[in-house]
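One structure is given below, encoded as structure tokens.
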Amino acid sequence: MVPLAQAAARLVPDSQIIFYEDRNFQGRHYECSSDCADLSPYFSRCNSMRVESDWWVMYERPNYMGYQYVLSKGEYPDYQRWMGFNDSIGSCRTYPYHQGDSYRMKIYERSDFGGQMMEFMDDCPSVYDRFRYRDIHSCHVMDGYWTFYEHPNYRGRQEPLSAHFLRSVALSVRLTLRSKVIFYEDRNFQGRHYECSSDCTDLSPYFSRCNSIRVESDWWVMYERPNYMGYQYVLSRGEYPDYQRWMGFNDNIRSCRSYPHIIFYEDRNFQGRHYECSSDCADLSPYFSRCNSIRVESDWWVMYERPNYMGYQYVLTRGEYPDYQRWMGFNDNIRSCRSYPYYRGGNYRMKIYERPDFGGQMMEFMDDCPSVYDRFRYRDIHSCHVMDGYWTFYEHPNYRGRQYFMRPGEYKRYSDWGGYNSTIGSFRRMRNS
């Protein structure tokens, strides 16, 4: 067995992949060099591919959903070569080669890093033979990129781990990269099933009834009828082997939404009086007098120092914040908040301007910027146009100081993003955790 790291010995300047509609690189083709959430305008089917550089993840459906296939540099004359189930490729993502030499990963028998643990530094064709368990419920990747497989000997469904991968591990369970829920037609997670990772107004094309559900991350609201109508059921992460477990009246689930959720605590380390919130709130003062720790369970949130979305802003993603220094807070005042769903696209684009109303020197960015002056040669930004993705502005270089949340739109002057002045020292993309 040859380490796959050797494949990274030579790199080409740009990531590139070529899709062909017919086998053996024939028929209509499309060249791609970046992430694409919807490939359907470019070809109707995909029966062969040439990967000219980097690693790529192919998805069966648009918006990075469905079966996943991990491809390295090489030629794939038919879809069986990438272990495809059919000729459908609906979206794709690219990842650069891992440049390090180390590969370390710990797998655990139970959720939340519980039970038996085993550390791996090399390929594993059979998890059961090495680990003595068929299921893995949690994992910690310390170094390197990995791919998980559903069956031994690198067969079945594939899952890139931690959004990066290089070595291979055989699995009998799947790990999630995104917010995800799995619907089953029959009880106890049996029968036809459908995996969902975003809001859906009509689930009827995917299953005729729903008798059990696995929520693998985040909070979700299920609706009895399409278009978010009818009885509602709020589900947190866990297993629901029959519809009585979510207090359902019947087996009808026809639409669903991801449910934002955040918990505020008055004292540090998640102690004291607390308040759970699932929507925008212009005035939090009736619910707590101070805020010293926060748990964000899903989505992005913007915290404001004063009511009505005013004062200092703090941008938080999913995770635990045991004291206010963890969110770079100046004090324990949180008086209003807003929720924003995760950005599902792959592109980030923003233009910044030297003067108000998009005047003066302009520069376009598609990546993080730790020092505006080093890149832009100006210390002030007076207007801005965000075309794609969510961004955070920081008052000082290296992502320090006051924060300003920026979503797609036009900002003709610094007051439009809540700024007290035009000084911006750094900014970065808000990338999903």
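For all residues, glycine too, the Cβ spot is worked out from N, Cα and C.
Broken down with DSSP, the domain 'Beta/gamma crystallin 'Greek key'' (15-53) shows 3 helix, 21 strand, 15 coil. Taken from TrEMBL, the feature domain 'Beta/gamma crystallin 'Greek key'' applies to 15-53 (among others).
Mean pLDDT for the domain 'Beta/gamma crystallin 'Greek key'' (54-96) in this predicted model: 84. Taken from TrEMBL, the feature domain 'Beta/gamma crystallin 'Greek key'' applies to 54-96 (among others).
The feature domain 'Beta/gamma crystallin 'Greek key'' is assigned by TrEMBL to 144-177 (among others).
What TrEMBL records for 179-217 (among others) is domain 'Beta/gamma crystallin 'Greek key''. Same-chain neighbours of the domain 'Beta/gamma crystallin 'Greek key'' (179-217): 63-66, 226-228, 235-243, 246, 251-258, 298, 341-342, 344, counting only residues six or more beyond its ends whose CB sits under 8 Å from a CB of the stretch.
Under the heading domain 'Beta/gamma crystallin 'Greek key'', TrEMBL lists 218-260 (among others). With a threshold of 8 Å between CB atoms, the same-chain residues lying at least 6 positions outside the domain 'Beta/gamma crystallin 'Greek key'' (218-260) that come near it are 179, 181, 183, 187-189, 196, 198-204, 209-212, 278-279, 297-299, 301, 339, 341.
The domain 'Beta/gamma crystallin 'Greek key'' annotation in TrEMBL covers 260-298 (among others).
Counting residues 6+ beyond its ends, the domain 'Beta/gamma crystallin 'Greek key'' (299-341) has Cβ neighbours under 8 Å at 199, 218, 258, 260-262, 264, 268-270, 277-285, 290-293, 390, 392, 400, 402-405, 407, 418, 430, 432-433 in the same chain. If you look up TrEMBL, you'll see 299-341 (among others) marked as domain 'Beta/gamma crystallin 'Greek key''.
Annotation source TrEMBL lists domain 'Beta/gamma crystallin 'Greek key'' at 348-388 (among others). Note on the domain 'Beta/gamma crystallin 'Greek key'' (348-388): DSSP counts are 8 helix, 22 strand, 11 coil.
Sequence annotations record features per position, and here TrEMBL assigns domain 'Beta/gamma crystallin 'Greek key'' to 389-431 (among others). Among residues of the same chain six or more beyond the domain 'Beta/gamma crystallin 'Greek key'' (389-431), those with a C-beta under 8 A of the stretch's C-beta atoms are 300, 302, 309-310, 312-315, 317, 328, 340, 343, 345, 347-350, 352, 356-358, 365, 367-373, 379-383.
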